[in-house]
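A.B. asks: Please find one structure pasted underneath; my questions will follow.
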Amino acid sequence: NLSSPTMFLLLVFSSAYRARVTLCLCFSLIYLVTVRGNLFIMTLIWLDVHLHSPMYFFLGHLSFLDICYSSITLPKILRDSFSLQRTMSFVGCITQIYFFLCFGGSECMLLGAMAYDQYLAICHPLHYLSVMSKKMCHCLAAVSWLSSSLSSLIQAFLTAHLPFCRCSMIDHLFCEMPFLLKASCSPNAPLNKAALYALAGTIAMGSFLLTLVSYIHIIGAVLQKGAGTQRSFATCTSHLTVVSLFFGAGAIAYLVPHSSSSKQMDEALALLYAIVTPMLNPVIYSLRNSEVKGAIRKAL
């Protein structure tokens with residue numbers, strides 16, 4: 001017969017194990033839905049001729065980014081679900097930060113490019129095909145990838161050269177810039193933090209302002225031109241939903257001050273913009289977009 005303290009410890013460990021298994025299954029399901037959903041959107045855009053337009057060209061890039069975005073965080077979180085010692089090498093941490101910032105910045109700029117595409121289609125339909133040509137689409141996609149790669153490379157390089165305390169730990173689900181800066185022993189950490197936030201903020205704020213200005217003009221055109229333009233505006237609702245999710249969660253996570261008492265809130269926000277949003281994007285575009293729903297019906 002087992003003594004009561006031993007029985008209590010067994011119950012505690014078994015309940016903790018069940019909780020880990022449940023979390024692991026949830027994260028595995030989210031990752032599976034993210035990869036399959038975004039691959040489905042990419043395949044649909046490639047196969048359906050009616051989706052060979054600039055908006056869906058950018059959506060294909062966005063779906064690919066969502067797969068990459070979740071792939072740099074979720075596998076590590078899944079491994080840590082059953083690991084007693086959740087460690088990561090310094091080089092691995094900096095690499096994860098680089099790719100996380102690179103894919104996040106590219107997504108920001110692609111969302112801005114999609115807003116500009118909607119602006120041209122609704123406000124200047126006669127000039128749309130001449131302005132938003134195939135060459136222009138490839139240029140916008142290339143600028144999104146290259147500028148975010150360069151910005152994230154500079155940020156990762158500056159972070160890697162900060163001195164860190166020997167006993168420092170990052171108490172977070174994955175390596176993320178604010179938590180890594182908090183672990184630095186350097187007296188210049190606030191200056192580095194300001195420089196890093198300026199680089200990230202330039203991309204994020206530039207894309208957000210482009211999106212905001214585009215939709216101000218779109219709403220103005222819809223109110224002026226009436227019913228025909230309102231039907232065109234219906235295709236913007238999917239993009240607006242994705243923009244609200246991405247920028248809203250990112251702004252709360254990076255602009256709200258982090259405190260030691262809000263660890264659960266920090267992790268919930270990190271899960272929202274790093275894991276849940278890439279999973280929801282294909283669902284939003286499938287359910288809210290009539291052209292995508294038509295393509296799905298034809299494919300089935």
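Keep in mind that glycine also has a Cβ here, set from the backbone N, Cα and C atoms.
As annotated in TrEMBL:
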| type | residues | note |
| --- | --- | --- |
| TRANSMEM | 28-49 | transmembrane segment |
| DOMAIN | 37-285 | domain 'G-protein coupled receptors family 1 profile' |
| TRANSMEM | 97-116 | transmembrane segment |
| TRANSMEM | 137-158 | transmembrane segment |
| TRANSMEM | 196-223 | transmembrane segment |
| TRANSMEM | 235-256 | transmembrane segment |
| TRANSMEM | 268-287 | transmembrane segment |
A.B. asks: Counting only residues 6+ away from its ends, which parts of the chain sit with a Cβ under 8 Å from the transmembrane segment (28-49)?
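C.D. replies: Tertiary neighbours of the transmembrane segment (28-49) are 56-57, 59-60, 63-64, 66-67, 70-71, 74-75, 78, 275-276, 278-279, 281-283, 285-286, 292, 295-296, 298-299.
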A.B. asks: Kindly state the mean pLDDT of the domain 'G-protein coupled receptors family 1 profile' (37-285) in the predicted structure.
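C.D. replies: Per the prediction, mean pLDDT sits at 79 for the domain 'G-protein coupled receptors family 1 profile' (37-285).
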